[in-house]
Amino acid sequence: MTDIQQTVYVVEDDEAVRDSLELLLKSDGKPVQTYESANAFLKDYSDQMAGCIVLDIRMPGMDGMELQKKLNDKHSILPIIFVTGHGDVPMAVDAMKEGAVDFIQKPYREEALLEKIEAALEQDREQRKTLDEKQEIIRRVKSLTPREREIMDRMIAGQANKVIAIELEISQRTVEIHRSRVMHKMGTHSLAHLVRMVLSVKDLID
Amino acid sequence: MTDVVTENPEVTVLLVDDNPQNLKVLYETLKDKGYRLLIANEGEKALDLAHRHHPEVILLDIMMPELDGYEVCERLKADPETADSAVVFLSALDDLQAKVKGFSLGGADYISKPFESQEVIARVKTHARVIRLEREMQSRNRELQGDQTRILNSISEGIYGLDEQGTIEFANPAAARIIGCAAEELIGRNFFEMHFATADTSDEHLPVMATCRQGVAENQRDVRMLRADGTGFPAEYRATPKLEDDELHGAVVVFHDISAELENEKALEEARALVDEQREQLAHTSRLTTMGEMAAGFAHEVNQPLTAITNYARVSKRMMAKEEPDLDLLRQTLDKIEAQSHRASEIIRRIRKFMKKPATGKEVVSVPALLEDTRQFAEVDMRNNKGGIEVQFEEDVPDVLADPIQVQQVALNLIRNALEATRSAGSDAPVEVSARRCGEHCVRIQVRDHGVGVSEQAEEMLFHPFHTTKEDGMGIGLATCRSLIQAQGGDIGFERPEDGGACFYFTLPVAGVQGEPCATGEA
């Protein structure tokens, strides 16, 4: 799952810059997809995309900053490298605050750009791995029956089997059976690990 | 006869006779007729009284001791003070010869002695009236002449009366003053010799010659005439033929020295040149300011091809590093590098052209080409505008005669203002630039935006220097635009669109069309 193909998405209005960047990245062996406008990219966007975006900050129509906001709204995790011109540093700083990975000033050195792209791709891999893990946890949580889910919540809250049995008015034995099924479904043998797993996706399952 | 009294209150009659009896009779005859009567019993006394009192009528006895009547009459006529008095001889000599002699000496009439009082009264009355009318007429004539002389004297232009040969018959004091000698010295001199130093009066091209010879009126400016001392001066003159009953009698020449005028004109010309130069300067400064404001945009604009060139160069190197380089692909990439370097130098060329000083001057300019060029220029600034710039023109927009750089400067200024207004309003609407023919003589170029618009207060001061609504503005943009467009023979203005925003326009004269300056304000 983590070995998904990563693509460098280039969003750049200037045809020559776009074309040369595509050639450059391809010659370095990177899959490249180019877009002439922010809108064109948005139209094509899906959460299945992996890799990073090299985004021109100044473009006619929707500019780079706006595209970043729109992508944030879609919970995109694609790292963005902003390409800025002279004097765009304040904009770049804002972009960083909005979660951009990095920015690079035109005209740039190839090495610098490739380095930043590598870093972005690495970050994407990391994020994607984490995301995959979380999604696995969520998938597992969702496989629990309501009763098992209730037992798990109480386990995470630190309630002993005895207490759970009394409060739910079931036998302690039944609690133990549920408990072992929860541990099995969640793929762990350790309560501590279970707690950590569930807490990491707490925002997503409530 | 009271009517005589009232009619002739000032009429003086001098009675001259050596015979006291005769004097008495005459006196009695005329005393109640309203005349002032003077009496002399001998010639010398009569002359003295006449000289002092200017009598209208003198009744003069011929036969007198010492001076006789004839001699008195002769002397009266010789004295200008008394020459106009009517002398009526009185004599017993009733022969023809005596009468003829009297008339030949200037006598007006003759009364024979012994005289009838009715006849005396009638003749005195008649002559008194004649003389009085004559004197009135003369006095009127003198007045008129005086007026004429005063006019001719006070006029600052020189006036000559010439005969058909060019001989000066009349010169007014101003002419004498301009020429530098007394008016009397001018009379009788030849105009052409005197002022053009040529005796060759056959030269038809000499000034005034045609007027003297053919009776053609002339009017010339900046003709070099000579003064009495031989120095020259620039003159303007009008020559009018002098005609009497359709017959040519020479010319009247009215002339004046225009040295001071020419100097004023020169000074005015210099002042104009200075204004033009300062306008150029200001325009240039304004262009530099614009470029300064657009510097970041231009840097971006140049960085694009540079970035592309760097990328392509890297790609090329990588291709060459392969064992069997794809030469076709390599050539294609090098072509791209070349194209991008042209692109960069084109941007720099455009900037340099715009910064050039002075501007290139008027030439025949294609409006669509100029506007397209300006649009590309303005796009440097446009990256923060979503709507962009739309250029539209009718197919038949004719070429204009204008300074392309200055027109571009104005168009760029208006477009940049429009972009800024649009940005400030947060609008996505494009800035609309359009051009169309407007009447026979001009092309109208319009920049319309849907931005924040212009307040009515600001509208009044729009084209005034040092008025600005921009925080960091100097308020010279539109004032400079106006001065530049006016220098092209066009006009610039503002219109308030009903649906908001602003609309600025300017007009330029169509190339090769003579005529009215560009119409204004027509939507």
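Glycine residues also receive a Cβ, built from the backbone N, Cα and C atoms like all the rest.
These numbers come from a predicted model, not from an experiment.
These come from TrEMBL:
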type	residues	note
DOMAIN	B:12-128	domain 'Response regulatory'
DOMAIN	B:150-192	domain 'PAS'
DOMAIN	B:219-270	domain 'PAC'
DOMAIN	B:297-512	domain 'Histidine kinase'
MOD_RES	B:Asp61	4-aspartylphosphate
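Proximity of distant same-chain residues to the domain 'PAS' (B:150-192), defined by a Cβ-Cβ separation under 8 Å and at least 6 residues beyond the stretch ends, is recorded for 198-199, 201, 206, 208-209, 212-213, 227-229, 233, 242, 248-257.
For the recorded site, B:Asp61 (4-aspartylphosphate), the DSSP three-state label reads strand. According to DSSP, the domain 'Response regulatory' (B:12-128) comprises 53 helix, 25 strand, 39 coil.
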